[in-house]
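Encoded as structure tokens, the structure appears first; notes follow it.
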Amino acid sequence: MSRPAKISINLDALSHNLSVIKSKAQGSKVWSVVKADAYGHGLSCVWPALSHTDGFALIELDKAIMLREQGWVGPILLLEGFFKPDDVYLLERYSLTTVVHADWQFEAIEQAQLERPINIYLKLNSGMNRLGYRPEDYQQAIQRAKGITNIGSIVQMSHFANADTGLNMATQKQIIDSSMVNDLPRCLANSAAILFEPQTHHSWVRPGIILYGVSPSGVWQDIADFDLQPVMTFNSEVLAIQSVKKGEQIGYGSRYTAQRDMRIAVVACGYADGYPRHAPDGTPVIVKGHKTQLVGRISMDMLTIDVTDLPDVEHGSPVELWGNQLPVDEVALACGTIGYELLCAIAPRVAVEVTINVANSTFSDLNESC
Ligand SMILES: *Cc1c(COP(=O)(O)O)cnc(C)c1O
């Protein structure tokens, strides 16, 4: 017997979204970004549905090795680079491409005893001010990379701070353009830039959030015209119904006071499942196909919703926290965050159900890895 809180992962939607991205960025190769366990979707289950990608990009070295062990032979990119000098040997052994953003990484690659060169993405800090070489130091870093025999191919990489809002994009593009005056391949575009800034596509693009059918801006209407489909649906069920009198209060801290006599449905899902505890009253939720709202604070294992005007809702009625009927962007907006954070927060105790069209040829690839 499992708890009814589960995520359902639609692999056809994932595969479809990659095809949409490929047709949007024709002429560019695609790194499918699968960091944070494929944005909470479960990397080992979902990657075969993306096997028509050109490469996988992620942060976690152990997950990169897992991809190799599960049979992915194409390119893999470590978006944050490697973390310790000795990691260079793992890069060689598993043929991993790495970001280089600091001098100590050059030294580690230079000093390693390698039989095969390592391909690198040389990071330009174009204004995000997290990782990379500043524009005035970038050409020198390219020269250094070219002089190291342990380094194979070099791609110029930068990351946009504001591609989702358009803010500062123009200045940031100027910085990038003036720093990258040479003929090395380039890789700049994240999801937002892929959709909204086609002139940034270049040799490789790096879509993350749009693969999963979620908006990079936090507003789902911004992606409504791109034919992207939600991949994750977060479901549960009604555990109990309570009748509450006007003036009574609901849940921890008595946050919500009934404005009238109410029917309240208690749902088997809480913050220990990854539903955000800071969700306010009024956050949308779907029960038995009807849209309603949260009332009262989220508990560890339960949440409460208003079903006063929904007499057909009863014990066992299906609840959708987000997904097919309710974009996660809408829930995130109500909670003052973005879809990214909610997807990544799904807790390990939540059961995962993978759905795929059986006629789809990727089905047999999946059996072993899930
Ligand atoms: C996460 C990440 C991406 C993907 O970002 P999205 O907004 O999800 O498309 C691209 N590039 C880098 C360097 C990243 O860390």
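Each residue, glycine too, has its Cβ placed from N, Cα and C.
Feature annotations, courtesy of TrEMBL:
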- LYS35: N6-(pyridoxal phosphate)lysine (MOD_RES)
- LYS35: active site, proton acceptor (ACT_SITE)
- ARG130, MET300: substrate binding site (BINDING)
- 231-355: domain 'Alanine racemase C-terminal' (DOMAIN)
- TYR252: active site, proton acceptor (ACT_SITE)
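On the structure: features taken from TrEMBL.
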| residue | record | DSSP class |
| --- | --- | --- |
| LYS35 | N6-(pyridoxal phosphate)lysine | helix |
| ARG130 | substrate binding site | coil |
| TYR252 | active site, proton acceptor | helix |
| MET300 | substrate binding site | coil |
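Per DSSP, the secondary structure of the domain 'Alanine racemase C-terminal' (231-355) breaks down as 19 helix, 46 strand, 60 coil. Between the C-alpha atoms of TYR252 (active site, proton acceptor) and MET300 (substrate binding site), the distance comes to 10 Å. For the pair ARG130 (substrate binding site) and LYS35 (N6-(pyridoxal phosphate)lysine), the C-alpha distance works out to 18 angstrom.
Taking the recorded positions LYS35, ARG130 in turn and counting surrounding C-beta atoms within 10 angstroms, the largest count is reached at LYS35.
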